[in-house]
Amino acid sequence: MTGTATEISRGASVSLIVQKFGGTSVGTVDRIRNAAARALATQRAGHQVVVIVSAMAGETNRLLALASELSPLPDAREVDALASTGEQVSAALMALAIQAQGGKARSLLGHQLGIITDSAYTKARIKAIDAQRLHDELADGTIAVVAGFQGVDEAGNITTLGRGGSDTSAVAVAAAVGAACEIFTDVDGVYTTDPNICPTAKKIERISYEEMLELASLGAKVLQIRSVEVAMKYGVPVHVRSSFSEAPGTWVVGEEQSLERVTVTGVALDRNESRVMLVGVDDRPGIVAQAFTALSRENISVDMIIQSPSAHTTPAGPDGAVSRKTDVTFTVTKADLARTQQVMESMRVVVGAREVRYEEDIVKVSIVGLGMRSHAGVAARMFELLAAENINIEAISTSEIKISCLVATRYAELAVRALHDGFGLGTPA
Ligand code: ADP
Ligand code: ASP
Ligand code: MG
């Protein structure tokens with residue numbers, strides 16, 4: 001997959017721990033105090049500690065909403081300059097909280113720590129981190145408090161790493177300095193599905209990088225997908241746990257260390273997809289390539305793609321010639337929909353589309369499991385379980401270890417519960 005953190009070499013340092021606190025975990029001054037106390041306790045136990053913080057809960061959304069009030073398609077450079085400020089606030093507050101409890105702490109923004117990224121605003125990738133700077137900060141017993149989610153490109157522009165990007169900051173910093181990584185969040189681990197949707201969800205003790213990568217990419221936002229990519233690439237052990245309890249959470253580890261091979265490990269729900277349908281496109285070689293090249297030029301990634309014969313095929317004329325047409329359906333994230341619309345409007349004539357339809361009222365439900373590699377009939381069972389609830393499947397995509405179905409938004413929770421319990425993942429009621 002993608003090569004984040006190209007210049008991060010896995011450093012070697014004895015007892016260094018990176019602790020990342022998510023939005024809820026730094027959502028109030030009291031919670032920041034609580035997180036500070038944890039970092040200090042870890043330090044007292046003999047470790048050097050780097051804390052990575054997210055913005056306070058709701059803050060990034062608030063900032064992005066301000067930008068949208070001014071423009072439907074705000075300039076991405078300014079969006080990043082704005083959105084990155086949430087983490088600056090919590091980094092400074094966290095450093096103050098540690099100091100107030102008698103510790104030494106300094107806040108560091110992305111540019112101060114040399115977190116160099118590419119220039120893809122709002123979804124930048126980390127290219128390098130100044131590990132020496134971090135080691136220098138830690139040398140005298142200081143806790144370094146790093147603002148997550150942000151970096152700078154080579155020209156010094158502020159960038160952000162995509163929603164949920166503080167997870168990636170944490171894992172990348174851990175990789176750079178050879179540390180283990182603890183992700184403190186508002187659930188006590190990775191569950192068989194989102195415990196906020198499905199009351200029977202169970203905590204997973206150990207999960208492989210591969211499965212976590214699929215779950216994250218399919219909507220389980222407990223870890224940002226890129227954080228799992230970096231963890232896998234550099235072999236960073238990641239412990240996902242609650243900032244409100246001492247209970248052990250979930251270890252994300254190599255396949256060989258994960259537990260016994262069950263067929264389906266988890267169910268994920270992604271509410272961020274939207275569907276685009278190019279109706280009545282010319283059925284000629286190169287047409288689809290043109291449309292998708294235009295999207296990739298804009299850095300828009302496409303997920304599911306389906307091509308089917310169009311009802312709009314022009315009937316045979318007097319000369320017997322039929323103009324064959326096809327419908328091309330694909331999904332992009334809701335965040336990319338406005339830009340996709342722009343691109344498609346410019347491509348419509350080029351590809352000869354009769355019409356372009358946009359649909360936001362859909363979600364993607366997926367099942368994931370390493371055991372699917374060797375078990376037949378999993379897809380059939382998935383479709384049966386959805387059919388039993390009268391849920392219509394609007395599109396399907398599969399890989400070696402996952403199957404995804406697009407369904408109408410109103411079925412989101414029902415589909416997740418039906419699949420979760422149908423594959424026997426739940427705790428008995
Ligand atoms: P943070 O602000 O700490 O980064 P997030 O909101 O980004 O926290 O991620 C934690 C949330 O992820 C949980 O509250 C839960 O609703 C959601 N989630 C989705 N899928 C899962 C899953 N399989 N296991 C645990 N949490 C999940
Ligand atoms: N604050 C950013 C967001 O909400 C990054 C993060 O929380 O990880 O997406
Ligand atoms: Mg998060």
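Counting starts with 1 at the first residue shown.
Just so it is clear, glycine is given a Cβ too, placed from its N, Cα and C backbone atoms.
For THR185 (ATP binding site), applying a Cβ distance below 8 Å and a minimum sequence separation of six or more within one chain yields GLY22, THR24, SER25, VAL222, VAL240, ARG241, SER242, SER243. Residues or ranges marked as ATP binding site in TrEMBL: LYS20, PHE21, GLY22, GLY23, THR185, ASP186, TYR191, LYS221, VAL222.
Positions annotated as substrate binding site by TrEMBL: THR60, GLU87. A helical conformation is recorded for THR60 (substrate binding site) in the three-state DSSP classification. The Cβ of THR60 (substrate binding site) has GLY23, SER54, ALA83, GLY86, PHE149, ARG163 as same-chain neighbours under 8 Å, each 6 or more residues away in sequence.
Look at TrEMBL and you will find 276-361 (among others) tagged as domain 'ACT'.
Here TrEMBL flags 367-429 (among others) as domain 'ACT'.
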CB contacts under 8 angstroms to TYR191 (ATP binding site), restricted to the same chain and 6+ apart in sequence, sorted by sequence, are ALA201, LYS202, LYS203, ILE204, VAL222, GLY266
Integer Å value for the Cα distance linking LYS20 (ATP binding site) with GLU87 (substrate binding site) is 12
Near ligand 1 by the Cβ criterion (under 6 Å), the binding-site residues from LYS20, GLU87, THR185 are THR185
Per DSSP (helix/strand/coil reduction), TYR191 (ATP binding site) sits in strand
